[in-house]
Amino acid sequence: MCDDDVAALVVDNGSGMVKAGFAGDDAPRAVFPSIVGRPRHQGVMVGMGQKDSYVGDEAQSKRGILTLKYPIEHGIVTNWDDMEKIWHHTFYNELRVAPEEHPVLLTEAPLNPKANREKMTQIMFETFNSPAMYVAIQAVLSLYASGRTTGIVFDSGDGVSHTVPIYEGYALPHAILRLDLAGRDLTDYLMKILTERGYSFTTTAEREIVRDIKEKLCYVALDFEQEMQTAASSSSLEKSYELPDGQVITIGNERFRAPEALFQPAFLGMESAGIHETCYNSIMKCDVDIRKDLYANSVLSGGSTMYPIAADRMQKEITALAPPTMKIKIIAPPERKYSVWIGGSILASLSTFQQMWISKQEYDESGPSIVHRKCF
């Protein structure tokens, strides 16, 4: 490769998973949990070369002896030291690149505090010496990945959900709605309702087991009341799950009660509107002339939209809210778990995007606040 043709790095820092790879690729090279684990017990084996912290998959596999922490909560970085560890791990261990040689595209949830992206910018330039960087809004990238420039994206990951209406490539900031209800809340809720069944899950390691149960067995009910009756009258909906110690647990109506909280946040004691209403409210904040285009291009993105039947339920709920003659189309791409990353890969490899990067020189002249001027 000659100097001017260095591949950009695309890093989608989710609250739950980091997706990282090279611009122009069709899928991320590295996908690992955004966790940093620290030993719960003092090491007794002298000379074992025990580390004081573990990142990602290694932390996940040693979770029995570690306390696991997620440095990103609700899409906002709450622990910058741990975040640096995750980025360091991403560049040096997963992608095996020198970050000072590649421009890097990072992603962020909309309506994040300004300080969050300033600090991201500062760390990239000062700690990792990046030659250039850019911060893109996650939902906009998902829309690019679906091959559209107009539509409304409902993006729900592990830490935060948001609806972003986009018209001809521009996000409409006044109509963006954010919902701090996502995968991690559903995991916590599933822990709670499984405890009511008599199974106890309390530690950070056990939470990871529940997350796995959620990902493997949960689904969205098309009609919640009806499903509850079915579950009460027969055992057809029951599934069993084997815990790491060989114990087998049975899970019934919890399979759809947990994801139902997306549509009925009251289950979690939250007063916000469900995801279908949030989508509708977001569309209603837009100009009356473009609503038709948004209804017909509603794109789902993120891991928490991966539940079976989620798209059908969304279609049903939004149809009930929208005007009767409106054509409503919910688009649920099969790769939507990674569509933010894929959109980033597309964006960073466009020739027209190359002048959009914030260069090291610009950063040195203006400081971290440049990110608000250059990145929308």
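Cβ atoms are placed via backbone N, Cα and C, with glycine included.
So that you can see what the record holds, here are the features copied from Swiss-Prot:
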- C2: N-acetylcysteine (MOD_RES)
- D3: N-acetylaspartate (MOD_RES)
- M45: methionine (R)-sulfoxide (MOD_RES)
- M48: methionine (R)-sulfoxide (MOD_RES)
- H74: tele-methylhistidine (MOD_RES)
- K85: N6-methyllysine (MOD_RES)
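The residue listed as 'N6-methyllysine' and the residue listed as 'tele-methylhistidine' have their C-alpha atoms 19 Å apart, to the nearest angstrom. When Cβ neighbours within 10 Å are tallied across all protein chains shown, the highest count among the modified residues H74, K85 belongs to H74. Under DSSP, K85 (N6-methyllysine) is assigned to a helix (H, G or I) in the three-state scheme. Under the three-state DSSP scheme, the residue listed as 'tele-methylhistidine' falls in the coil class.
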